[in-house]
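What follows is a single structure, written as structure tokens, with notes after it.
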Amino acid sequence: MISDQTHMRRCLTLAKTAIGKTAPNPLVGSVIVQGDEIVGQGFHPQAGQPHGEIFALWEAGDRAKGATLYVNLEPCNHQGRTPPCTEAIIQAGIAKVVVGMVDPNPLVAGKGISRLRQAGIEVKVGVEEEACQRLNEAFCFRIKHQRPFGIFKYAMTLDGKIATAQAHSSWVTSSSARHWVHQLRSQCQAVIIGGNTVRRDNPLLTNHGVGEVNPLRVVLSRSLDLPIEAQLWDQDVAKTLVITEKTCDRNTLSHLEKLEVETLVLEQLTPLAVMEELYQRNCLQVLWECGGILAAEAIAMGTVQKVHAFLAPKIIGGVAAPTPVGELGFQQMTQALNLTDLHCQAIGPDWLFTGYLCGNDDNGQSNI
């Protein structure tokens, strides 16, 4: 007999089909099993579309009666942009529901499970729970903290440099690593850089055709000391948002507006204020691809929860060559920020280290 764990892993595989497309909604996959046979399966494709359970029920049809439904996230029990999934499950005659994890959304949070049990449906909760939570880590964080999940990505040489002393950085890593980054961008709703990166690198910041939708390209600059011409100002390729302060260069602001680049003027430009703005724009997870100065600000404010660090087998030297993270004010090694749940993998000739910033992953606050 096929185990509950196997069917739940199938739900996770289905859910991953829509990575980068569901924001601000979670990733949800569902499987309906009659005996040992899968009679229906589906996933939530994007916000506003039916949830994964509904697609699975549609495919199962009459064979859903008396069957077991598997879903990685608790079925909703409220009327949103789509009807409650619990009522559809009840009406279909499902006998048992196996849930990967409870939905952290206060609108759901156990209410879906209670409704199903009230209707006489057997409910099992917590199958492959850790994997289910990891898949929707950005959704869970956003619900809990009312801001997007922050990811900091950088690439450096063996001696810890992200560019030469002359600011040349093309390329620190291999084409394989860069393709991986393009995939990561396709899973994020926004990519953030600072003015220095625009001036030095003139980046494009798209997913280079890896995904269907490019992330919003966000430039942070208090002064608006930005080049008149840049790839980011081409709005036919992807949309760009420039965020600045009231003391900015008004000529540059006017120039950007003429180019139809969206601008936003804040009283005070901080990483936290930016993340709050992106939360209002329905972002689930945001990628920080900035230089060291802005990265240090983002980390210090608790707006980075996860780190992807590429290590390239190169040495370039240079006392003045920039490093990934600027000044954090630490004086002793005991103050260092530790990464948890560390994972490393080889991508081409480079190594990728992935982990979570201790103190920034659970409570959303920096421990600096």
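For all residues, glycine too, the Cβ spot is worked out from N, Cα and C.
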Binding-site annotation, Swiss-Prot, substrate: partner of SER169, ARG185, LEU205 in GLU87, GLU276, GLU277, GLU289: GLU289
From ALA155, ALA273, ALA320, the one annotated by Swiss-Prot with TRP171, THR197, ASP201, GLY291, GLY292, ILE293, LEU294, ALA295, ALA296, GLU297 for NADP(+): ALA155
Cβ neighbour count (within 10 Å, all chains shown) around ILE293 (NADP(+) binding site): 15
Alpha-carbon distance [HIS51 (Zn(2+) binding site); ARG185 (substrate binding site)] in Å: 24
Euclidean distance between Cα atoms of GLU289 (substrate binding site) and CYS76 (Zn(2+) binding site), Å: 35
Cβ within 8 Å of the mean position of the Cβ atoms of HIS51, CYS76, CYS85: remaining residues of the chain near Zn(2+): VAL28, GLY52, GLU53, ILE54, PRO75, THR82, PRO84, THR86, ALA88, GLY112
Proximal but sequence-remote residues of the same chain as ALA295 (NADP(+) binding site) (Cβ under 8 Å, at least 6 apart): PHE152, TYR154, TRP288, VAL304, PRO324, VAL325, GLY326
